[in-house]
Amino acid sequence: MGLYRKYIEYPVLQKILIGLILGAIVGLILGHYGYADAVKTYVKPFGDLFVRLLKMLVMPIVFASLVVGAASISPARLGRVGVKIVVYYLLTSAFAVTLGIIMARLFNPGAGIHLAVGGQQFQPKQAPPLVKILLDIVPTNPFGALANGQVLPTIFFAIILGIAITYLMNSENEKVRKSAETLLDAINGLAEAMYKIVNGVMQYAPIGVFALIAYVMAEQGVKVVGELAKVTAAVYVGLTLQILLVYFVLLKIYGIDPISFIKKAKDAMLTAFVTRSSSGTLPVTMRVAKEMGISEGIYSFTLPLGATINMDGTALYQGVCTFFIANALGSHLTVGQQLTIVLTAVLASIGTAGVPGAGAIMLAMVLESVGLPLTDPNVAAAYAMILGIDAILDMGRTMVNVTGDLTGTAIVAKTEGELEKGVIA
């Protein structure tokens, strides 16, 4: 029990990094001496279990988180401030995932890998026309879409349901209001239960990552390291550009000094980088907003909302990683599929929980939306490579998520005359 307690209390990030390094070493050694088949038979199943656990969580988290996220936008508070911040969050997320796609095309990660698990190459399905993709967003059977893992229809229904619940909770009819509150409480309970399961699954992550990376290294050799380095570089260069080209430019346009802003924001940014949790960083983020001279009436609404629905860093990561996986499979993503990535990543950001590891679960959802299901062994193998470095990518993307929340809050406060002069503006 003492050893188990020590394992649980040891930081997850460090455990995953240890699993990654040991898996790479073991895989390279065993692969070099011709034991790749043994790794596939005896080690890989532990990694497959990790992937299955993540797949198990995808649709329940998508549905519950999106309903709760959409319902958190109260019509009473939406008003002018709410509309401004929601539009800001959606537009910056769209720019982030587009920037991720651009970075992926520049760095071209995964092109040096040619996956063929069991000698079978990935066989892409013919992409449907864009009009059909858009029409299929509206489900004919929402519960069937949820059960069958159809991502975009589930997102659409969850958002519509969340908005409907919000309006019912503001009904003058007490019975209707209580029914809506009960329904939301139940769905919120489901979401919280899913987050708890995520935390449990992340305790198994070091073992899963060890097994997956050992298998990939035994099969593919050292060339995988270079391709994963490209993914890491593409994500971090993209995240840096998101701060410089989006946040700094917007701050400058609205008369806020970017340097003063960053000096004030650094505590929240560093906390987000270390904890990998937007929600966990929220108390620090709110303190930083107060120190910036932002009115409590603004930041007390925009920052909790941002921790729920604004995930610019995660959206960018999904753009890069989807391209990496497609490249590793030798699959070309059409313009329609790239637009689907943008649409799905932006909508998914509304339901991406602000907890460590949630971004990897949402990536599985984005992959499904462009015809790269984890049920395919080649897709699962490429996804496994991303899981190996996900903790490293998670630190940077969470920092950008929080920086984006603060940027939007400062801009809205400035436009509303709720930003103290002489602090950052």
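If you go along the chain as it appears here, the first residue is 1 and each next one adds 1.
Cβ atoms are placed via backbone N, Cα and C, with glycine included.
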Note to self: Do LYS6 and GLY79 end up on the same side of the membrane (judging by the domain labels in Swiss-Prot)?
What the structure shows: yes
So ASP394 (L-aspartate binding site), by the Cβ count within 10 Å over all chains shown, scores 23
Same-chain residues at least 6 beyond the ends of the topological domain 'Cytoplasmic' (413-425) with a Cβ under 8 Å from one of its Cβ atoms are 80-81, 84, 254-257, 260-261, 264, 291-295, 297-299
Comparing 12-30, 42-62, 298-320 for Cβ pairs under 8 Å with the transmembrane segment (197-218), the winner is 12-30
Across the topological domain 'Cytoplasmic' (290-297), DSSP yields 4 helix, 1 strand, 3 coil
